[in-house]
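Database features, via Swiss-Prot:
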type	residues	note
SIGNAL	1-24	signal peptide
DISULFID	CYS54-CYS67	disulfide bond
DISULFID	CYS61-CYS72	disulfide bond
DISULFID	CYS66-CYS79	disulfide bond
Amino acid sequence: MVNVKASMFLTFAGLVLLFVVCYASESEEKEFPKEMLSSIFAVDNDFKQEERDCAGYMRECKEKLCCSGYVCSSRWKWCVLPAPWRR
């Protein structure tokens with residue numbers, strides 16, 4: 001009888017250990033895509049500062065200059081793409 005109880009206890013302890021290991025590895029796998037996306041879309045503070053110095057497409061250009069490749073629309077005061085029909 002003692003051997004049966006010991007083997008049942010060891011089996012139960014093994015199943016609990018297996019559950020803990022599987023849960024830990026699954027939670028790491030769930031965090032991996034989040035970490036990957038955050039590293040892909042991470043932006044340096046220097047780049048953010050440069051981006052704030054000029055106004056991008058469809059941004060107000062009253063106080064800021066438009067970024068390169070855009071011009072300030074005289075009518076709407078937005079940064080737009082330069083075109084032959086725009087004055």
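Placed from the backbone N, Cα and C atoms, the Cβ positions cover glycine too.
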Given the disulfide-bonded residues CYS54, CYS61, CYS67, which one's Cα is the least distant from that of CYS79 (disulfide bond)?
-> CYS61
What residues, ordered by sequence, lie under 8 A Cβ-to-Cβ from CYS54 (disulfide bond) and sit at least six positions away in the same chain?
-> LYS64, LEU65, CYS66, CYS67, SER68
In three-state DSSP terms, the structure that CYS79 (disulfide bond) belongs to | strand
Just how many other Cβ atoms lie inside 10 Å of the Cβ on CYS67 (disulfide bond)?
-> 16
How many other Cβ atoms are found within 10 Å of the Cβ atom of CYS72 (disulfide bond), counting all protein chains shown?
-> 17
Would you mind pulling the DSSP three-state label for CYS67 (disulfide bond)?
-> coil
Can you check which residues sit near CYS61 (disulfide bond), meaning Cβ under 8 Å from its Cβ, same chain, 6 or more apart in sequence, and list them in order?
-> ALA55, CYS72, SER73, LYS77, TRP78, CYS79
